[in-house]
Amino acid sequence: MASAAPASSICIKSASCSALAPGRISSLRSVSLPVSRKSFFSRRGSFSLRVNCQAKPETVTKVCNIVKKQLALPDDSDVSGVSKFSALGADSLDTVEIVMGLEEEFGISVEEESAQSIQTVQDAADLIEKLMEKKGH
């Protein structure tokens, strides 16, 4: 019978979060936490937890709206950062059209290689933030 790993938790606090956007505790964009201990099924193992929060909520909202428009979804459709394009009914052509809409809206150019890695709304929003940062916006 397999035994589960003991639970552990991590708490991150910021003393100066009043000037930051709601929901953000610092200006950090990512945190990596290496963990090494017994894992599930009583096997020794190590893994790394990476929390990546690049895109601003406003960017995610804009991407959600563009996705709804490109896929002709009703305004009350449940589209969020975790929404997969394929689960929303998008095929490869729809995804290309979504990327073109994002390029137009945000004034960016997405390389084909990067466009192929976009699976979710959050992926798209993170890529947009990264490209806009490179562009100097």
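Cβ coordinates come from backbone N, Cα and C, glycine included.
Here is what Swiss-Prot records for this protein:
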TRANSIT   1-53  transit peptide
DOMAIN    57-132  domain 'Carrier'
MOD_RES   S92  O-(pantetheine 4'-phosphoryl)serine
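Under 8 Å, Cβ to Cβ, and six or more positions away along its own chain, S92 (O-(pantetheine 4'-phosphoryl)serine) finds no residue. The domain 'Carrier' (57-132): residue composition by secondary structure is 49 helix, 2 strand, 25 coil, according to DSSP. Per-residue confidence over the domain 'Carrier' (57-132) averages 95 (mean pLDDT, predicted model).
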